C-alpha cells in the first residue's frame, strides 16, 4: 500500500469526487485510464466521476461491500460460501457452473438475479478481469486499513489532522524502504509462501511438451473418470487457468511445467513484485516541516469550522455515557448496577423472598428435621390470601385477621423450630430424673403386681 493523495471535503458528492479524480488524473498522467484498475466501494459519486473522467479504466467493486448489501435479503449461510467461490473463479466455464450451483439452492434463482441486476458481474468476478493489470485484489481492505490508522487523527482539527497524516506517511515511506533493502531474495517475503502452497498442489500434475513453446499439463480424475488439462506458455508467462496472468505469481500448473524444465520459479514472478520495483516506489521522500512558530501569519484571518449540518433522523437528546459511567443521578448513593445479589435462604443469585421457588420447601424441610411433627396447621383459602390459624398470608387480608408477610412467617417458623427443640430437651431431662428417683407407694405396688403376672 502506497498512499498517493488525500483530500478533505465537506461532503462526498459527485462534484467533490470529480474534482479529486481530475487532479489525480493530471498528476499521474492517466489520460483515459487504459491499462489501469481502480478498486472502490459503492459510492455513487465516485462511480459517476470515474465513468466520466476515466472511461477506459477497469473499475472493480469491493466484494465485501457488495455481499454486505446483498446479504440483507439472503441470510442463508450457503449463499455466503457460494458467493466466496463465485468471486474467485478465473474462467468463464467455472463461472457458469458456480452460477448454476447457486440457482439450485432454495431461493437462489431470485437471489442471483438480484445480484447480477444491481451489480454487474464484470466489476467483482475475477473471470472478467483483464490480464494487463497484474493484481487480483477484489476488496477495499487497503483503504480501510489506512482509514483505521488515521482514525484518531480524523477527530482533530483540520491542520492537526493533516500534519498527523503527513508525518505518518513520511515515516512509513522511510520504514518500508529500509525493510525492502533487507529482503533475502529478489521477491517479497509474502511471495515465497504463496509459491510453496501452489508447489504442493502441483505434485499430481503430469507435463507433456509439444516440441515448441507450450506444454500440456493434465491430471486423470479416476473418481469422475475424466481428464482435466491446461496449456502453459512459459515464454509468455501464461496459463489457460488464468491465475498466473491475474496474480503475477506462477500457479500450480505453471510450477509443474517449471519443474519439468528445471527452472527457478522466482524467475517467473512478475517484475511488479520484484525488489527493484519496490525500492523504486519508495525512493521518493516527504520533506519535513518546521513547527508552527515558523509559519507565516495569514492575512485572510482565522480558519473557520465548517457549517453545521443537520443529520437525518431524530436528534439525540441524551448524552452518550462512558462504558464505566453509572446511570444513577445521585452523587452520594452507590449504584446497584453491576452488583450481584443472593437470597439468604437458597443463596442463589437473582432470587428474592417473593420469587424464590425453594422458599416453601426449605421451610418445611427445616421444620421436619429439627423437631417432631406437631399439630397440623389449618390452612384455608377463603380470603384473598392463604389463612394459617387466623393469620392471612397475602397482599390483601380481611379486617378480622392479622396480616403477616412471608418473611415474618419464615421467622415465626424458625422460632417454632427452636421452641420445639427446647421442649424435646426438657422432656428427655424429665424422663431421666423420673427413672433415677424412687417410685411412690402406689406406683411401686402397681409395678410389683405387673411383675408377678409375667
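First residue shown is number 1, and so on along the chain.
Each residue, glycine too, has its Cβ placed from N, Cα and C.
TrEMBL entries are annotated by machine, without manual review.
DSSP assignment over the compositional bias 'Basic residues' (311-322) gives 0 helix, 0 strand, 12 coil. Summarising the annotation, TrEMBL assigns compositional bias 'Basic residues' to 311-322.
What TrEMBL lists as compositional bias 'Basic and acidic residues' is 323-334.
According to TrEMBL, the feature compositional bias 'Low complexity' maps to 421-430.
Marked as compositional bias 'Polar residues' by TrEMBL: 431-447.
Panel annotation: around the domain 'SWIM-type' (230-262), residues 90-91, 126-127, 129, 131, 133-136, 191, 194-195, 198-199, 201-202, 205-207, 209, 213-218, 268-270, 272-273 of the same chain, lying at least six beyond its termini, place a Cβ under 8 Å from a Cβ of the stretch. Per TrEMBL, the feature domain 'SWIM-type' maps to 230-262.
Annotation comment: TrEMBL describes 306-334 (among others) as region 'Disordered'.
Annotation source TrEMBL lists region 'Disordered' at 416-454 (among others).
The DSSP breakdown of the domain 'SWIM-type' (230-262), given as helix, strand and coil counts, is 15 helix, 6 strand, 12 coil. Mean model confidence of the domain 'SWIM-type' (230-262) amounts to 92 (pLDDT, 0 to 100 scale).
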